[in-house]
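Asks: Provided herewith is a single structure, encoded as structure tokens, for subsequent inquiry.
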Ligand SMILES: C=C(O[C@@H]1C=C(C(=O)O)C=C[C@H]1O)C(=O)O
């Protein structure tokens, strides 16, 4: 990778073209500039005319970074790959190795950046609603806004030496300038109205929960996470702009993401971090064990205390902590986590929460950690392979990208993946939303069903649905 700390675009572009000729392969060329503040939702919205179907958005739950991407300079996808994380890593490294970056500094989350998501379980049956997404689908955007705590940055990426030339770079730079000037102020997306909300085979799901409970009581497994879906229909095609705008307002303390692929969009607001890496710093989250929020402060605190002292939930949580600790240990020094879980309070629900921190060398790959962590027992179960087998048999649906790792990585080794729960798939006048919960030997199907109803709420509200219905 060549980083040119100058502002001579033509010279850097010539270097990239020359490299493409020399190595006989397309070379990723990236220009980064610091810009005046831009509104990310409006940038996404303004990008719709030219880039609908290829946009993405990412905002982390700590309010440290927002990334909005338009278009695809290149895409990396995996299908029926034995080791898909490794395959993506290999291809990404090759892009980076030959890449040319024109930037004043290596700011995290700027320059060439891969954004996307992985299916929860590539070995499960496929549902046609997920056709637009491969097992792993990641893209480097053509134009990208990065909003960090320090400043706003604009990256333009293009692949040199394929069918691109200087004209396309000029065109991209013009589009970028127009977008920046149009995106200073918030825009208001078109609204849609929900016409129907339909639970997908609710009684069968409860029977599945009972089957799993019976299996857990009789066998050697400890936990299985079962999910279900709900179909939400609209009076007109629903846009990701509308849903994103709602999630932004309604879920300020979640990771907010959207990922468009042609006519489909995977979108959500998840509280759960899988793993984040900034330089040598590593951060992960154990999130499992749930209870409702109270109507009053007193009731809310009482419910929180009940959750903290509930044996079943503490056991579910403990399995996740143990597993994440084991998965990260080979990568990290100074791995540290509190002895007791705390509470993470979201708008509709509260969870048991244990943050995990550590240090890993700069060369440690984020995707290697993702591979070891996913699926944690918060979304899969214990033991992992047996639980996945039961999920395939009992859920009878394709989770697609729901509950899988979604996130980004840059050329400098920084990045973050969330566990993509509290999410859904938008498709024209229809959408599917997903929710699940951990089943252990003393779970009750009716209680678990109610828990999934609570977990549907953030998406249902963002779609414009009635959350009390
Ligand atoms: C599976 C979901 O949530 C997961 C399961 C939880 C639980 O069983 O208590 C809590 C948080 C998440 O790790 C979901 O929201 O769909």
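The first residue you see is number 1, and the count goes up from there.
Glycine residues also receive a Cβ, built from the backbone N, Cα and C atoms like all the rest.
Because TrEMBL annotations are produced automatically, they should be read as predictions rather than curated entries.
Here the structure is a predicted model, which means the values were calculated and not measured.
Reproduced below are the annotations present in TrEMBL:
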ACT_SITE  223  active site, proton acceptor
ACT_SITE  272  active site, proton donor
BINDING   316, 451  Mg(2+) binding site
DOMAIN    202-455  domain 'Chorismate-utilising enzyme C-terminal'
Asks: Select one residue from 316, 451: among these binding-site residues, choose the one with the most other Cβ atoms within 10 Å of its Cβ.
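Replies: When each Cβ's neighbours within 10 Å are tallied, 316 leads.
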Asks: Spatially, and counting Cα to Cα, which of the recorded positions is closest to residue 223 (active site, proton acceptor)? Options: 272, 316, 451.
Replies: 316
Asks: Please compute the mean pLDDT of the model over the domain 'Chorismate-utilising enzyme C-terminal' (202-455).
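Replies: Averaged over the domain 'Chorismate-utilising enzyme C-terminal' (202-455), per-residue pLDDT gives 97.
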Asks: Just the number: how many Å between the Cα atoms of the residue listed as 'active site, proton donor' and residue 316 (Mg(2+) binding site)?
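Replies: About 16 Å separate the Cα atoms of these two residues.
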Asks: Can you tell me the three-state DSSP label for residue 272 (active site, proton donor)?
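Replies: Looking at the DSSP assignment, residue 272 (active site, proton donor) belongs to neither helix nor strand, so coil.
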